[in-house]
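This report concerns only the one structure given below.
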Amino acid sequence: MSQQAETPFPRLWEESENTPYISFMQMLKIKEVCAAHQPEHKMHCYQSAVSGLSYGFILVGLAHLVLHRKAQSSYGRHMAPSCPGRKVPARPAWFLQEMPALLIPLLLMFLMHESSAVGKHLLLKTFCLHYFQRTFVYALLTRGQPFPLSVMMAAAFFCSINGFLQAHYLLHCAHLDDAWLSGYPCKIGLLMFYTGMAINVHSDYILRNLRKPSEVVYKIPTGGLFQYVSGANYFGEIVEWFGYAVATWSLPTLSFAVFSLSFIGPRAHYHHRFYQEKFKEYPKSRKALIPFLL
């Protein structure tokens, strides 16, 4: 009598005199054994795409600095009254353009079972937290002017690409272990991030309450970090993203911090010039972006 070939699957059924049968519990056991012998599915890290997008963000940010030396992007207070094109009310515009940066990381996080636990932890505590606040708090409370549709679409496109880049890197490319969360770079970075976020949120609150809902005039912001800089909200966001880069210590996160500095740093400069030209009594000691320096 020949021996049966060995198999990793145990004999999980009992045979009667004529017909084999399988109970419900035995079927569940077979399913568990089969699943245990299936190869694990892991998300592939697209390192070339991550590097390409990261360097692309840095180049685009630097190009923006060069191209906007004499004029600021046309939205908000810097938008010309006769600006052509369709406009979108500020609240839905901010909501729609910020949403992809929150939705895409969450989808990647919950649809892929194999991902870095530390990366997921940092993604939720930094990137997703910021865009949750921007999507569901800032966007619903803002009193800004309508956006050109083209500006909103460009911002939504960037948020989509950046949301994928940051989430994919932290979930599937970053080599961070549990000890990283207790290390100094992570602690310092998170401290910077939360400090910057507090400054950003508080500054937005001050700007939002400068005027009554029916007013359309501009006023000099006071209080908080506005005592020292004209772009306190921008300063807070820049500190956030450089803290995010320190906490994760990677090229993709650094590229986003550089991109943010390149875009909103000049905007703080133009806000500062706007206040100086509009208000003769504007404080002479107040800087544009960095307290006491710039």
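Note that the numbers count up from 1, one per residue, in the order the chain is shown.
Every residue gets a Cβ built from N, Cα and C, even glycine.
According to TrEMBL, the protein carries these features:
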DOMAIN    146-294  domain '3-oxo-5-alpha-steroid 4-dehydrogenase C-terminal'
TRANSMEM  49-67  transmembrane segment
TRANSMEM  148-168  transmembrane segment
TRANSMEM  188-207  transmembrane segment
TRANSMEM  241-264  transmembrane segment
Practice prompt. Kindly state the mean pLDDT of the domain '3-oxo-5-alpha-steroid 4-dehydrogenase C-terminal' (146-294) in the predicted structure.
Written response: 93
Worksheet item: Hey, which bits of the same chain come close to the transmembrane segment (241-264), Cβ under 8 Å, at least six residues off its ends?
Response: 50-51, 53-55, 57-58, 60-62, 64-65, 122, 126-127, 162, 165-166, 169-170, 174, 176, 185-186, 188-196, 231, 234
Worksheet entry | Within the domain '3-oxo-5-alpha-steroid 4-dehydrogenase C-terminal' (146-294), residues counted as helix, strand or coil by DSSP | 104 helix, 4 strand, 41 coil
